[in-house]
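What TrEMBL annotates here:
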DOMAIN    69-797  domain 'THO complex subunit 2 N-terminal'
REGION    466-485  region 'Disordered'
COMPBIAS  470-483  compositional bias 'Basic and acidic residues'
REGION    502-537  region 'Disordered'
COMPBIAS  510-537  compositional bias 'Basic and acidic residues'
DOMAIN    799-875  domain 'THO complex subunitTHOC2 N-terminal'
REGION    1081-1105  region 'Disordered'
REGION    1117-1139  region 'Disordered'
DOMAIN    1160-1256  domain 'THO complex subunitTHOC2 C-terminal'
Amino acid sequence: MDEGAQVEEDKEVPVEEDPIEETKIAIIRTNSQSAREKIRHQDLALRLHDRKAHPVFKREVAPFDYTFVTDERVASWSTGGRDEVAKAGIQARQDEDSMDLASVFHELSRASLDGRIDASECGTCIKDILNSEPASEDSSSDGSFDAHTYFLDMISMIYDAEEPPFNPALKAFITATGISPNLMRQKLDAQLLQNLGLTRDTFIRVGIRQATHLLYRQANYNLLREESEGYSKLATELFVSSGGSDSLVDQATQAQARDAFERVKGLIGTFDLDVGRVLDITFDVFASILIKQYKFFVMLLRASSWWPKHDLHGEIAKFEGLPSWALPGYTESKDEEEAARLYRIKRDSAFWDRARLVGLDAFFELGGRKVVDADSKARLLGAKGSFDEEQDADWKWIEQTGTFPPNGNKTAAQLLGFKLRYYVSPGRDKGEDFPANLMYLAALLIKIGFVSLRDLYPHLWPSDEQMSAVKEKKEKELAEKSKAARGGGAANALAMAGALADDTIPSGGRTRDTTTKADDVSNTEGKTEDKEKPKESADQKSLLLINLLTIGAIPEALFILGRFPWIPDVFPEVIPLINRILDHSISDVYATTRPIASSTVACSSKKFVSPDQSGMPKGQIRLAQPPTKSLMRWPFPQQYDDPASNTNYKFYWESWADIIPMCQNVDDIFTLCGTLLNYSGVNIGRHPSLLSKLARIGAMSLSNDSSKQNLDRWQDLLKRLLVPALSLTKANTSVVNEVYNMLRYYPVTIRYTIYAEWFEGQISRLPAMKAAFAQTRLETLSTMKRISKTNISSMARRLAKAAYASPGIVFSVALSQIESYSNLTDVVVECAKYFTDLGYDVLVWSLMSSLGGKDRNRNNSEFALLPSRWLIALSKFSGKVYKRYSIMNLSPIIQYINHQLYRGNATDLVILRELIASMAGVVPDTDFTDAQITAMTGGPALRRHTLINLQDLRYESVKTAKRLIRALTESKLAGQLLLSIAQHKQSAIYTISDEEAHIKMLATMVDEAQSMLFQYLDLLRSNLSVEEFDEHVPRIPDLMTEFGLAPSLAFMIGRASLVHHILQLAPPVLNGDRKAIMSPPEAKTDTEGDIGMNEPGDNAAIGDGTSAIVKSENDVEMADKDGRSSGTPNPVQNGAGDSYDKLMEPLVSCVQTVLSEHTWNAMSPDFYVTFWSSTLSDLNPPDLLYDAEIKKIREQERIVGNDRADMSRSGLAKKEETKKKLAETREDILAEMHKEVDAFTKGRTRLLKRKSQWLQTSVKILPDRTVAEVFPTVDTQGLDLIAQLEALTAREKNVREDLALTGNATNQKLDKPKEICATSSSSKGNKWRRCSFIRKFESQHTQDFPKAYGSRIST
């Protein structure tokens, strides 16, 4: 039966003896060539006999997923299915789509072998797809796509996967493709060629014989000496061709590299050298002069036949991985550079779009890696574990990176792997360390694509399972280093000292010398053994990762980081390298934020004195230029401006950043921060340049775009990365200020949220942050222990230096120390002068966090009526630090006080008290004498002079007081806080239950509230004008109606404003006659010095005025007697009264609604408002105190004028300045006295004009009714008229007469002396005395007048 025939499927007939096995045994036992030939013919005959004796089994068709050669296309193969498959294959070939083309080739091959389609038909379809001549050898060597070679590679893999026997359909299929037999003989294996009939049957045997002859037969000329000579010549050739370590790297050219490789091939042929050993020696020479001659060896490897060929997974792109100068046919030109630049811009833009879709996985695609689509990835991973270890490694790479494994020379990877394994083997020399240049070489070969990390990774030590032990070991080392760095970790002399000898043991007693000697011997032996042991092997995976990051091999570095993400935490060397990549990636965007220099000024270096002064004239010296720093290459990141070295260093591989994607805009920055930057995290603070650049980019973005979306995304980045990263900086104020410039764009609430996350949130629990906080805390405690008033300057700088990076930690420790030791307050305030803007802002947040701490007792444990000691200490610190530093923001703490008072916590008013006392100098507990109290009722000048004499500091704290007032007014809390304090004062005693309401506690609460209200009101009145005060504080009627304040508190708050508005009104008149209060004409003095009486005309004028007053008083008296007001002119009808009544009408109407109706049974609302709106100076101006102060100032002027202690020019000038100030003060007080007297005159006239309407009801009803009947249960929230009038009745029996006298009789007393004066004699001797009597009587009566109103009516 023919070999290609197939029969029906049947079961195999068992055979008792297997002649094939017997033949194999015979082959093993025989040694002669003839016997082998004989056995081979017997084997062939037995197989033919077996084929004839037994039926040929039909191979079971394996399941296969067809994408192109589907069942539908097979069914319509002749009508259109074949054309569709051919069209798809041709399109894939034209697009050089290796995936689709491989699928078409594989499916057609599989269909022909499985019998779905005739093999010849499938072959002709392949022929149509190829449809071209095969590529030449030269074109295939430069990496161009060759479909014929691609198809033959596919056939080789299918043949290797097929089980024997050979399927004859494959021969018909390949023959129909029309591929050249010569090309097939070059590409296909020997066995497949023999089955296809393209070689003789003896071809394999002849090939084996030839290989045995070449490998195992010793040539006469190739002795051991001659082979060593060949390797030595090889090393010499490599050194000489590269130029050794003395030539420059830029001199290497591609022609030199090609010629050198041709000579290397000649040495291999001449001395019959092993090719693998030649590559090994090439690596050794390359590693020894890597820094100097890397260009030559990269070109040599690229031109050699060792360079890896392109596989099914693609090729390395022209501008990625391998530098352009290493590519064949490269010529340096501006066009090439411009094309490369445009390509990178296009590549980077596409990369960031891809990164926004897939995230960090996009970085695995750098360097031209081919992406595995989702379907292929699922199919490939589904077959994981069913192949050998090499393919399983490929699946792991695909699973982690999502790309096909990179191509590489597996032989080179094995050679490097053997070298790496040697240095971790126990057989290495004792003192032989791991050479660093070997890892540099491995990283470079991976970077350029000569070696694949997938092939080298299995050789790296330790294995993945042992990396956990490496992690534990490194963590212990870091903990020990951290402990030693922060103090207390290193052993001191006391800890290392041995035990003291026991003096109580007798001299003949046993000592511990023997034990000590034995211990010394054992320790010596242990040290000897340690010296004999080789050093512990280095962790090669972490070393390779460090070098990969240094040279910019990002995909391979991320592959290792993906397996061991904890490496950056335990290997501090990794973080700076990641930050270096990030810094380069954002450099283009940062360049747009830098200011453009208008001109470039070349700064010449300063000359120094030359050591050679020979030949110089006397008096002259020779200056020399400093030596220029040389630029050297080394295998580490660049290092410039090292003051300890006269050399600058740069990284030898200048193209290390060729595949790093460059950010094009701010959106790319955020994509970078959400992907690669997460590996570094807050550790970007270790790279000040990177953090500063990000901060400047953020500030520029926020200034250009203030939209909510932009603010939110930068806020998240600030909270998550930028602000916490400051804790990893090293006292870098520039970076701190850059970050704070971004924080300025956010309100206080958001900034404090960021600070809370920084020091108390989830970010603070990161390992890096915990270590930084612990170090800062220990430094702060150490500084606080040593700080004193003698070393404030040095300790302040040290404390501020610690506060630059982690201010919240420093302030937390400092405030806790202040709470315990209040004497540190001034010292810490002095230290704060070195803080940054961010430090001051965090200080406010820390202070509020300490003040508002929960579960803290705010009352003194010993005295419940007093605040706790810690609260008092922090309050004093707040006042002092806010006074000292104007940059600190007052609004947050004022809002905090207002909020606490709103919640009912009045204990924190002590903070406001200290702020006002420190910043404004207004203290609530000033001890005034009676005279000083009276002086405080005067004008501003007298009050100022009185307070200065009392050493009050409010006039020395004008600037700080203005800051406090500005904070109150800008935050709109000046009026709110005043109302809250007033409401607290009014309702404080009602917040305590009756069981706890002790009289002492209630009294203390009322006193504290009243003191606080007076202090805060004094602050506002001292620093705000009446108009500014009225803008922030409601009017008196609103205080009583809308805010529920008692009239006493409402008038207390608004009295000064009300008096100011009253003084702005027109002068009052009695019954509309303005002449009644006109100033009298100037008196004429005769020659004797007596004041003469006025002329008849003048007397007439005075008489008219007096008669007008008398007439006015008679009118009032008649009205009182008649009990009617029809004949009495109403004050409201007068011109001056109109404005006054319009001003007072809202108050009168308000008190009528606020107070009960029984109140008005004894007095009128007008009297009530007049009483509460009047001040002591309205009834009794302190004119005597004005005179006394003027006399004191004149005495001071006399003393200063007579002082001759310092007669120098400066002393005289100072004395004149003092006298000038005293004169100005005296003139101000004198002018103010006249103003106060004039105001008193106007006020008295107004009171006289309106007094008749005040107590009409009380005069009528008191004779027949008791006080209790007049005022039944009247309680006006602090004004208990019942108690006052009952006390008045008990003290004076003639209350009715006094009240009646107040109503009418007082006017008669005022009128009588004036009548006497008007009708008196005009004799010259008596007129002066009589007028003096009148003035004296009026002054005495004026002093008695307020007593009648003030003391007896309404105390």
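A Cβ is built for glycine as well, from the same backbone N, Cα and C atoms used for every other residue.
Heads up, TrEMBL stuff is auto-annotated, nobody curated it.
Residues 539, 541-542, 564, 566, 570-572, 771, 774-775 of the same chain, all 6+ positions outside the region 'Disordered' (466-485), place their C-beta atoms under 8 angstroms from a C-beta of that stretch. Mean predicted confidence for the domain 'THO complex subunitTHOC2 C-terminal' (1160-1256): the pLDDT average there is 82. When DSSP labels each residue, the domain 'THO complex subunitTHOC2 C-terminal' (1160-1256) comes out as 81 helix, 0 strand, 16 coil, counted as helix, strand and coil in that order.
Sorting each residue of the compositional bias 'Basic and acidic residues' (470-483) by its DSSP state yields 14 helix, 0 strand, 0 coil. Secondary structure of the domain 'THO complex subunitTHOC2 N-terminal' (799-875), assigned with DSSP and counted as helix (H, G, I), strand (E, B) and coil, comes to 56 helix, 2 strand, 19 coil.
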